[in-house]
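Enquirer: Please see the structure below; I have some questions.
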Amino acid sequence: MNHIQEAFLNTLKVERNFSEHTLKSYQDDLIQFNQFLEQEHLQLNTFEYRDARNYLSYLYSNHLKRTSVSRKISTLRTFYEYWMTLDENIINPFVQLVHPKKEKYLPQFFYEEEMEALFKTVEEDTSKSLRDRVILELLYATGIRVSELVNIKKQDIDFYANGVTVFGKGSKERFVPFGAYCRQSIENYLEHFKPIQSCNHDFLIVNMKGEAITERGVRYVLNDIVKRTAGVSEIHPHKLRHTFATHLLNQGADLRTVQSLLGHVNLSTTGKYTHVSNQQLRKVYLNAHPRAKKENET
């Protein structure tokens, strides 16, 4: 990558507080774009709209999903927007490109029984289980992103208000409450997990060496929990975030409150969870309405 692209990625990291996972996706998108430029003997600063259309066709020829193509085009559009702020001679060849529609999907989530099974797995009386449980509790109790979790400092925990201050996308600060189970797991972790007691930094979640845990480290912990949990086959941090939102809506929380807790800028982003909770609404309706079923139906 050239220095402009490296500066762009650094801006996303420092000023917009992008997670390492998101930054890696942006970096991969730029690398693939550079390979196309080299293959077609094109230059970054003279890339035109017709070239952008050819690149779109190139992406589809690689049998990528529409979601992936959409993200890659969005990455390049954002990159050129950044470059235009530095050089007035640069044009954005992707600004008029028709954005491929994303495939609609329903967020995956865990049922309450599955969450109980996951928590049972980390009930073991070991040092590692103390740390693993606090990761699971915080992600489920607050719905925070994994990038927010790994950046929590000890001083961000408020035991008087029972909540945590996190810094989300764009370094936006928000306070998220947590319940009694989560509070207890944090207290037990701080009191009995030896690596956290001997470290020379303020990060709350650490690995077994006392170093601040990484996003990759959190994913490793969650995958390890799943391997030891019967009846649960797949987990990722965002699935716990989806579960947090879905369970709140299923229990009657309003969409605006969930939006605030998740740190979503647009209500439409939170709205995707209503499609999931509608399943619960239908279940309640079928069980409660006197004429929802015929007599011979079960």
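Each position is counted from 1, following the chain as shown.
For all residues, glycine too, the Cβ spot is worked out from N, Cα and C.
So Swiss-Prot lists the following for this protein:
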- 1-84: domain 'Core-binding (CB)' (DOMAIN)
- 105-286: domain 'Tyr recombinase' (DOMAIN)
- Arg145: active site (ACT_SITE)
- Lys169: active site (ACT_SITE)
- His238: active site (ACT_SITE)
- Arg241: active site (ACT_SITE)
- His264: active site (ACT_SITE)
- Tyr273: active site, O-(3'-phospho-DNA)-tyrosine intermediate (ACT_SITE)
Enquirer: Provide the three-state DSSP residue tally for the domain 'Core-binding (CB)' (1-84): helix first, then strand, then coil.
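Expert: With helix first, then strand, then coil, the domain 'Core-binding (CB)' (1-84) has 68 helix, 0 strand, 16 coil.
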Enquirer: Mean pLDDT, the domain 'Core-binding (CB)' (1-84)?
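Expert: The answer is 90, the mean pLDDT of the model over that range.
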Enquirer: If one measures from the C-alpha of Arg145 (active site) to the C-alpha of Lys169 (active site), what distance in angstrom results, rounded to a whole number?
Expert: 10
Enquirer: Cα-Cα, whole number of Å: Lys169 (active site) versus His238 (active site)?
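Expert: With distance taken Cα to Cα, His238 (active site) is 15 Å from Lys169 (active site).
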Enquirer: Which number gives the other C-beta atoms within 10 angstroms of the C-beta of His238 (active site), all protein chains shown included?
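Expert: A count of 14.
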